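**Student:** When I checked Swiss-Prot for this same protein, it listed these features:
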type	residues	note
BINDING	His58	O2 binding site
BINDING	His87	heme b binding site
DOMAIN	1-141	domain 'Globin'
MOD_RES	Ser3	phosphoserine
MOD_RES	Lys7	N6-succinyllysine
MOD_RES	Lys11	N6-succinyllysine
MOD_RES	Lys16	N6-acetyllysine
MOD_RES	Lys40	N6-succinyllysine
MOD_RES	Ser49	phosphoserine
MOD_RES	Ser102	phosphoserine
MOD_RES	Thr108	phosphothreonine
MOD_RES	Ser124	phosphoserine
MOD_RES	Ser131	phosphoserine
MOD_RES	Thr134	phosphothreonine
MOD_RES	Thr137	phosphothreonine
Amino acid sequence: VLSAADKANVKAAFDKVGGQAGDYGAEALERMFLSFPTTKTYFPHFDLSHGSAQVKAHGKKVGDALVNAVGHLDDLPGALSALSDLHAYKLRVDPVNFKLASNVLLVTLAVHVAAGFTPAVHASLDKFLASVGTVLTSKYR
């Protein structure tokens, strides 16, 4: 459960992200594909090369979903219900991949929000991304 301080930290970090959420989402995907090559199996139809239009488009979806989640911190299950259904029932993504995605998203945010990426912000973002992952895997049960 995110505390009031966690929510404030997450909102402040995403305020610094601004309109770059899609770019950061694409960068995080590239990091994930390089760091965890098995994640590529979910994207056999994508051009996974650096700067690929498909990776950029999917990165925008990831970034937009996270921005939406930040706007609904008090109702993450409601905000992410459709994505949870998609990943559980249609795409059948292995739940461990959400932890991998969280890891590379944290790294990407740390790079771009450097000055504001304090230990407290890091902890809050980690809790937020873990909460998002929990919601996205909730339909697997």
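Counting starts with 1 at the first residue shown.
Quick reminder: no glycine exception, Cβ is built from N, Cα and C everywhere.
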**Student:** When you rank Ser49, His87, Thr108, Thr134, Thr137 by Cα distance to Lys7 (N6-succinyllysine), which of the recorded positions ends up on top as the closest?
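**Tutor:** With Cα distances computed to Lys7 (N6-succinyllysine), the winner among Ser49, His87, Thr108, Thr134, Thr137 is Thr134.
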**Student:** Could you check what DSSP calls Thr137 (phosphothreonine) once collapsed to helix, strand or coil?
**Tutor:** helix
**Student:** Round to a whole number and give the Cα-to-Cα distance in Å for the pair the residue listed as 'O2 binding site' and the residue listed as 'heme b binding site'.
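**Tutor:** Distance between the two Cα atoms comes out at 14 Å.
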**Student:** Considering the recorded positions Lys16, Lys40, His58, His87, which residue's Cβ sits among the greatest number of other Cβ atoms within 10 Å?
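**Tutor:** Sorting the candidates by Cβ neighbours within 10 Å, the top entry is His87.
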**Student:** Just to verify a number: CA distance, Thr134 (phosphothreonine) to Ser102 (phosphoserine), in angstrom, no decimals.
**Tutor:** 11
**Student:** Going by C-alpha positions, which of the modified residues (Ser3, Lys11, Thr108, Ser124) is nearest Ser102 (phosphoserine)?
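**Tutor:** Checking each of Ser3, Lys11, Thr108, Ser124 against Ser102 (phosphoserine), the shortest Cα distance is to Thr108.
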